[in-house]
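Chemist: Sharing the feature lines straight out of Swiss-Prot:
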CROSSLNK  Lys48  ubiquitin cross-link
DOMAIN    1-76  domain 'Ubiquitin-like 1'
DOMAIN    77-152  domain 'Ubiquitin-like 2'
DOMAIN    153-228  domain 'Ubiquitin-like 3'
DOMAIN    229-304  domain 'Ubiquitin-like 4'
DOMAIN    305-380  domain 'Ubiquitin-like 5'
DOMAIN    381-456  domain 'Ubiquitin-like 6'
Amino acid sequence: MQIFVKTLTGKTITLEVESSDTIDNVKAKIQDKEGIPPDQQRLIFAGKQLEDGRTLADYNIQKESTLHLVLRLRGGMQIFVKTLTGKTITLEVESSDTIDNVKAKIQDKEGIPPDQQRLIFAGKQLEDGRTLADYNIQKESTLHLVLRLRGGMQIFVKTLTGKTITLEVESSDTIDNVKAKIQDKEGIPPDQQRLIFAGKQLEDGRTLADYNIQKESTLHLVLRLRGGMQIFVKTLTGKTITLEVESSDTIDNVKAKIQDKEGIPPDQQRLIFAGKQLEDGRTLADYNIQKESTLHLVLRLRGGMQIFVKTLTGKTITLEVESSDTIDNVKAKIQDKEGIPPDQQRLIFAGKQLEDGRTLADYNIQKESTLHLVLRLRGGMQIFVKTLTGKTITLEVESSDTIDNVKAKIQDKEGIPPDQQRLIFAGKQLEDGRTLADYNIQKESTLHLVLRLRGGDF
């Protein structure tokens, strides 16, 4: 059947569709006709925004129905704001909007003055001068709107030493906020504070109102010992070592403690938890290692093995490695020998490009294997090309590559002749002689590939 799509400029587009087409399909057809990427399209019918996965039939869209097309500003996105009454407000925002801007939009919609609004996301109160991007608020995130009661109230916090602190708070303050106020007054970091009221330990994301804490209530403050805890380390001989650690200890620190107890040099230690080899710079907290967790200690045999790395110039480098070395480690060894930064190195073995986090063992690289080193030219970067079928192709390119070059790379990967390719970026069709830099296409940008029908009239 035919339907019509009306744009804000007043232009009407005619599309051939079927009732079973999804909104994604319709947006792809609009992209074919108009070159507008689907992620910049919002379709409205009968006052409702249409969701990608649903079909025309779901919305009772019939032949000769008219949809309205609204363009999302680049970086533009929708977020939701939920009030304490349960009402949800939808806002059009951009990542660069400040919290002030968002409060002004809420005022426009709901009439609530910004100075009475407190916005909460992920248990944190948002500060006016910061942006949505600062808080990693992404499209379709939900913020919570709490109204500031004019005035607030006082509560008391009693420490184990018997000292009482007075705080100015509001019922809508979260426990995080209260701990931050205690830190301001007393210098105690929030992660060392435990607050107790009516015999219950209070959770960070909840509000005072949630716990029915009212004016002049008294909370009790108990100090958490600095993340201190015991963990166990089990060796292959079956021996178990007990260590005193903190969540913030790095794996290096833990290996040093093992050396103190057992005399094993850190460079011969490999620590395993939950089947994963632990990396030196990371902390116990990063791996969610908690009190009384058991790590497994495997000794690295001194010696390892030799492998060869062959460069495009024909030079061969010899490296001392171990099967458990990651590709990152190997690149670091190449940097030590040759001075080539890891981010300019691509390593190939058995025709496969090797990924940084994987080990030599993962790729079955054994002693005296030969890897091939290809240099990524500076300015080299990856971009993505998305086809109408939804497939995404990854290409290695440079900013100075022309659109012709990119089409040739797509032909190499996919077999599609360049004269059948149309590339779209930011709603624009890209011209052959221009470069990626001309269009401000940067690393990890996504281009859209539309096929020119043979004999088409583009």
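For all residues, glycine too, the Cβ spot is worked out from N, Cα and C.
Not measured: the values here are computed from a predicted model.
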Chemist: 10 Å Cβ neighbour count around Lys48 (ubiquitin cross-link)?
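Modeler: By my count, 9.
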Chemist: Would the domain 'Ubiquitin-like 1' (1-76) and the domain 'Ubiquitin-like 6' (381-456) count as touching if the test is at least 3 Cβ pairs under 8 Å, pairs 6 or more apart?
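Modeler: Answer yes: the domain 'Ubiquitin-like 1' (1-76) meets the domain 'Ubiquitin-like 6' (381-456) with 3 or more Cβ pairs below 8 Å.
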Chemist: Going by DSSP, is the residue listed as 'ubiquitin cross-link' part of a helix, a strand, or coil?
Modeler: strand
Chemist: Which value does the mean pLDDT take for the domain 'Ubiquitin-like 5' (305-380) in this predicted structure?
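Modeler: Mean pLDDT for the domain 'Ubiquitin-like 5' (305-380): 83.
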Chemist: Using DSSP, what's the helix, strand and coil tally for the domain 'Ubiquitin-like 6' (381-456)?
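Modeler: Taking the domain 'Ubiquitin-like 6' (381-456) as a whole: 18 helix, 29 strand, 29 coil.
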